[in-house]
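Step one of this worksheet: look at the structure below.
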Amino acid sequence: MRAIHFGAGNIGRGFIGLLLEQAGYEVCFVDVNEALVNEINQRKSYTVQIADEETQEFTVRNVCALHGADEQAVAQAIATADLVTTAVGPQILPYISKSIALGMKERMNQTTEALNIIACENAIAGSTLLKQYVYSHLNDVDQAKADQQFGFPDSAVDRIVPMQKNGDMLVVMVEAYFEWVIDQSQAKGKLPESSDIIYVDNLEPYIERKLYTVNTGHATAAYLGYLKGYIYMEEAIKDPQIRRLTEEALQETGNVLQAKYGFNAKEHATYITKIIHRFENKHLQDEVTRIARSPIRKLGLNDRFISPARQALMYQMEPKALCLGIAAALSFDYNQDVEALELQNSIKQQGLKATIIKYCGLTEESTLIDWIVEKYAEIQK
């Protein structure tokens with residue numbers, strides 16, 4: 001079996017590529033980093049290290065790589081693949097959609113065999129989003145045919161993979177914990193057979209639980225940690241004030257999840273504790289600026305802060321801790337982050353309230369705005 005995976009970066013190699021190889025796939029990566037592509041093709045294997053008390057290593061074998069610019073080679077690979085996956089970042093999905101569309105057309109010309117295309121991204125309904133981009137490159141006739149042959153199952157992925165500088169460019173370090181959940185109701189044909197992958201018929205509760213706990217908590221602690229001058233996440237989360245404020249934010253998102261999906265309160269509290277324990281992993285050496293990067297994306301209407309805060313209002317809750325996290329994100333002024341600089345410029349030029357409305361997608365009358373402004377003022381003191 002062969003899987004085509006877009007994105008040969010740390011997450012692609014250290015998470016998805018590893019699990020697919022363990023499930024019996026030969027993995028062919030697609031990437032635009034020429035040095036990385038050449039190195040993978042030369043060595044045909046790489047090492048994954050588990051960041052834990054006991055060092056564990058896995059060797060991923062029988063791998064190859066294609067350069068993303070070679071659209072014809074990528075299309076032919078998709079035409080004969082058993083699975084296609086991505087881990088490129090939600091903002092890159094539009095750029096790989098044309099190659100996937102070409103591959104789908106090539107496959108439809110050669111066979112009627114079904115194929116699943118799974119976006120493994122930090123985004124709600126990532127595969128559905130990818131499908132929209134891909135279908136923009138197909139005419140109506142091809143779209144109708146594709147509907148019968150291709151599945152775009154949404155998935156939720158969770159594994160912390162820090163920025164790292166290894167002597168060997170193919171070595172990647174990841175945390176021991178991982179979770180990969182796939183919505184099997186959206187699939188066409190075969191899915192990976194692996195006890196490490198969870199298959200469900202309704203993915204939304206899992207996606208929101210992960211996004212509003214792991215991502216919200218991680219980002220909250222990172223922004224607060226940055227403001228206090230911490231370099232690494234394990235330092236930030238051990239600060240009693242940051243830990244308390246992060247826990248308060250996750251209590252608020254937890255209340256939303258319990259009201260919306262009926263999650264058991266005791267079990268969810270245990271889940272929160274487990275997530276925060278992951279943030280304490282000193283072996284990851286995970287920098288707060290990595291976790292905090294791209295604040296505009298993280299402040300989006302449907303992302304980790306604004307979405308649960310808006311839902312909290314719907315359930316007559318007051319998400320004050322979430323608003324503090326949002327205010328901390330708006331205060332992130334790291335000079336090597338393009339989005340952070342854009343936000344700071346907007347605050348200076350347009351004012352805080354206009355910036356919140358523009359980037360968070362909130363209407364002028366939203367109660368959240370006043371709370372965010374209030375928390376922002378507290379931070380600036």
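Every residue, even glycine, has its Cβ placed from backbone N, Cα and C.
No curator has checked TrEMBL annotations; they are predicted automatically.
Annotation source TrEMBL lists NAD(+) binding site at Ala3, Ile4, His5, Phe6, Gly7, Ala8, Gly9, Asn10, Ile11, Gly12, Arg13, Gly14. Under DSSP, Ile11 (NAD(+) binding site) is assigned to a helix (H, G or I) in the three-state scheme.
Summarising the annotation, TrEMBL assigns domain 'Mannitol dehydrogenase N-terminal' to 1-193.
The domain 'Mannitol dehydrogenase C-terminal' annotation in TrEMBL covers 202-379.
Over the domain 'Mannitol dehydrogenase C-terminal' (202-379) the predicted model carries a mean pLDDT of 97.
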